[in-house]
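S.K.: Here you go, one structure.
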Amino acid sequence: MHHGTTITQFISEEQRHAPGATGEFTALLHDIVTACKMISNQVNHGALIGALGSAGSENIQGETQKKLDILSNELFIQSNEWAGHLAAMASEEMDDIYHIPAQYPHGKYLLTFDPLDGSSNIDVNVSVGTIFSILRCPGGNEKPTMRDFLQAGAQQVAAGYALYGPSTMMVLTMGHGVNGFTLDQNIGEFILTHPQMTIPNETQEFAINASNMRFWDAPVKRYVDECLAGAEGPRGKDFNMRWIASMVAEVHRILTRGGVFLYPTDAKMRAKGLDGKLRLLYEANPMAFIVEQAGGGAITGPERIMDLQPSNLHQRVPVMLGSRSEIERLQNYHRA
Ligand code: AHM
Ligand code: MG
């Protein structure tokens with residue numbers, strides 16, 4: 001029988017070669033993995049434990065919180081606050097940054113996360129996921145503030161997501177490629193099943209919420225029109241379309257077989273004073289890091305996502321990511 005590499009073993013072996021590694025980062029990732037296993041367990045049990053449905057509250061962005069949004073947020077905090085690796089945390093489900101309680105030691109890292117992304121899918125039993133990003137705390141770990149979190153995505157130390165789908169997976173980058181692990185429920189361990197994931201350069205698949213078409217900017221409209229024109233149009237080939245409304249599942253499909261995912265800004269959002277739907281610090285940046293590490297591209301339209309200087313914790317940005325040649329084409333259309 002083949003003994004798979006566990007995620008703990010994989011991370012430890014990678015860190016063994018990192019100069020100056022103290023084991024702190026390895027331990028932090030281990031706690032994140034534990035949190036994702038706990039969330040996976042809750043998501044799997046669904047209605048059996050009364051976990052579905054709305055919690056009757058709203059987050060800072062005015063979105064209805066699901067019971068599982070709140071539970072996942074608590075599980076993530078509990079797993080990560082005690083060990084002394086973190087200076088502070090920030091999440092989609094908390095208005096302000098989360099300070100490590102005084103009874104615990106403080107560490108040098110910052111953790112941002114979306115505990116349950118795509119949560120509109122929970123009640124219909126479609127895939128959801130957790131997204132996270134790890135940064136160093138620039139201002140020392142004594143009194144971290146929101147400013148410490150406002151770092152460009154290029155500064156990320158690590159990023160990953162857990163996908164709660166037909167199987168639970170963890171996909172991780174520490175800046176040396178992207179690796180995928182599948183949770184073996186019998187032994188409770190993530191096993192390396194997708195080493196060195198890469199995104200194919202060319203694709204014939206795109207993902208966008210077409211119900212917003214009438215609000216799109218000209219470059220997005222042009223790109224999608226050309227895809228829809230198929231073999232008879234300027235692209236000279238037919239395209240397929242997908243929309244899961246679950247970014248983690250969407251990105252996972254792209255890492256598996258290529259494609260592009262677009263959640264652009266549009267006239268309707270701008271009228272509401274928003275620059276996009278997805279959040280920079282715990283959705284766009286970690287996904288951009290993973291996608292770039294897998295050989296793909298991630299842009300707002302004209303700009304690379306990971307070059308943006310964040311201005312606030314819950315900042316929203318337009319997101320276009322996936323196969324490199326398509327992202328280059330989209331960027332060219334935005335710069336034309
Ligand atoms: P959430 O963090 O509130 O779950 O929202 C993010 C999700 C993404 O996973 C997904 O790509 C997008 O929202 C779907 O949006 P829409 O419902 O407009 O299609
Ligand atoms: Mg989200």
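Quick reminder: no glycine exception, Cβ is built from N, Cα and C everywhere.
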S.K.: Same Mg(2+) 1 site as ASP114, LEU116 according to TrEMBL: which of GLU92, GLU142?
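M.R.: Mg(2+) 1 site check in TrEMBL: besides ASP114, LEU116, the record includes GLU92 out of GLU92, GLU142.
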S.K.: Per TrEMBL, which of LYS37, LYS277 sits in the substrate site along with ASP117, GLY118, SER119, SER120, ASN209?
M.R.: LYS277
S.K.: Please pick, from GLU250, GLU283, GLU292, GLU303, the residue that TrEMBL records in the Mg(2+) 2 site together with ASP114, ASP117.
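M.R.: My reading of TrEMBL gives GLU283 as the candidate in that site.
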S.K.: Residues other than ASP114, ASP117, GLU283 within 8 Å, Cβ to Cβ centroid, of the Mg(2+) 2 site?
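M.R.: My list of surrounding residues reads GLU92, PHE113, GLY118, GLY129, THR130, ILE131, MET247, VAL248, LEU278, ARG279, TYR282.
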S.K.: Which binding-site residues out of GLU92, LEU116, ASN209 lie by ligand 2, going by a Cβ under 6 Å?
M.R.: GLU92
S.K.: Three-state secondary structure of ASP114 (Mg(2+) 1 binding site) from DSSP?
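M.R.: Assignment for ASP114 (Mg(2+) 1 binding site) reads strand.
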S.K.: Could you state the CA-to-CA distance between GLU283 (Mg(2+) 2 binding site) and LEU116 (Mg(2+) 1 binding site) to the nearest Å?
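M.R.: If we compare the Cα positions of GLU283 (Mg(2+) 2 binding site) and LEU116 (Mg(2+) 1 binding site), the gap is 11 Å.
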S.K.: Given the binding-site residues ASP117, SER119, ASN209, LYS277, state which is nearest to GLU92 (Mg(2+) 1 binding site) when distance is taken between Cα atoms.
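M.R.: Nearest by Cα distance to GLU92 (Mg(2+) 1 binding site): ASP117.
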S.K.: Helix, strand, coil residue numbers for the domain 'Fructose-1-6-bisphosphatase class 1 C-terminal' (199-334) per DSSP?
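M.R.: When I sort the residues of the domain 'Fructose-1-6-bisphosphatase class 1 C-terminal' (199-334) into the three classes, I find 65 helix, 22 strand, 49 coil.
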S.K.: Rounded to the nearest angstrom, how far is the Cα of LYS277 (substrate binding site) from the Cα of ASP117 (Mg(2+) 2 binding site)?
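M.R.: A Cα-Cα distance of 12 Å.
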